[in-house]
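Read the structure below first, then the notes.
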Amino acid sequence: MEQFKTYALMTGLTLLFIWFGGMIAGQTGMVIAFLVAAGMNFYAYYYSDQQVLSHYHAEPVDRAHASGLYQIVEKLTRRAGLPMPALYIIPEQQPNAFATGRNYEHAAVAVTEGLLDLMTDEEIEAVIAHELSHIKHYDMLIGTVAATIAGAIAMLANFGMFFGSGDRDRPNIFVMLALMFIMPMAASIIQMTVSRNREFMADEGSARMTGHPEWLQSALTKLDNYARSITLPEADPQTAHMFIINPFSGKDVSLKQLFSTHPSTEARIERLEALK
């Protein structure tokens with residue numbers, strides 16, 4: 001069922017992109033948008049995981065090099081009924097983590113050195129359980145495709161005035177200009193809403209997997225505080241939604257709540273409290 005929801009969302013966002021192309025440049029725009037969307041979805045599906053791991057200089061590790069982490073992940077994957085994901089460590093001091101990959105068999109979990117150095121074993125277990133919940137519900141693919149299509153719509157809007165069409169039913173210039181401003185914002189809101197809802201679901205999944213909601217509450221509190229004082233130099237806004245805590249938490253951003261990739265830490269802790 002979760003895989004069906006994933007592909008349904010991918011299809012819906014792709015159709016939105018194609019429709020936007022048609023509104024800007026008629027049938028020609030629809031064809032171009034379809035080809036661009038197909039190419040971007042193909043790339044996102046097969047290669048986005050390696051791209052993001054490379055961007056953060058993540059190094060693969062095994063049981064011999066990270067036995068404690070490996071044992072935690074191994075225990076939780078058995079409990080969740082998941083295959084063992086590939087494990088990576090990011091050489092950064094901000095405590096954080098993310099999951100990536102297109103399905104159960106091609107999943108990876110990456111944690112920073114800061115997470116391993118500054119968190120307790122219980123907090124690390126809660127964070128790993130959160131990331132495994134993302135894997136279980138195909139959230140990595142959903143987030144990747146949502147970000148890809150949102151970026152594509154913004155790109156199409158930026159170049160919208162250069163598309164031409166001979167179709168007589170093309171909307172007037174005022175409608176087209178309005179769409180060029182509205183559609184990228186709408187796509188971003190869809191992306192952020194999807195991301196926030198999935199964070200709540202993964203938090204709940206972590207609490208149920210470990211049986212200790214308080215472990216994740218403690219982890220989220222510390223992660224949020226550290227994110228405000230320790231930067232993640234390689235952090236990219238396009239991948240911020242992947243992390244358990246927004247790596248930009250310490251920065252002031254206009255319209256922060258509307259366009260935040262994560263619900264507030266306070267809201268997440270409050271929801272976890274209800275699970276006790």
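Count begins at 1; order follows the chain as displayed.
Every residue gets a Cβ built from N, Cα and C, even glycine.
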Name the residue, out of Glu59, Glu199, Glu214, that Swiss-Prot lists for the same Zn(2+) site as His130, His134, please.
Glu199
Starting from the Cβ of His134 (Zn(2+) binding site), draw a 10 Å sphere and report how many other Cβ atoms land inside it.
27
For the recorded positions Glu131, Glu199, work out the Cβ neighbour count at 10 Å and name the residue with the minimum.
Glu199
Same chain, not part of His130, His134, Glu199: whose C-beta falls within 8 angstroms of the C-beta centre of the Zn(2+) site? Give them in sequence order.
Ala99, Glu131, Ser133, Asp139, Arg198, Met201, Ala202, Asp203, Gly205, Ser206, Ile244
When you measure from the Cβ of His130 (Zn(2+) binding site), which residues in the chain that are at least 6 apart have a Cβ under 8 Å away?
Ala97, Ala202, Asp203, Gly205, Ser206, Leu216, Ile244
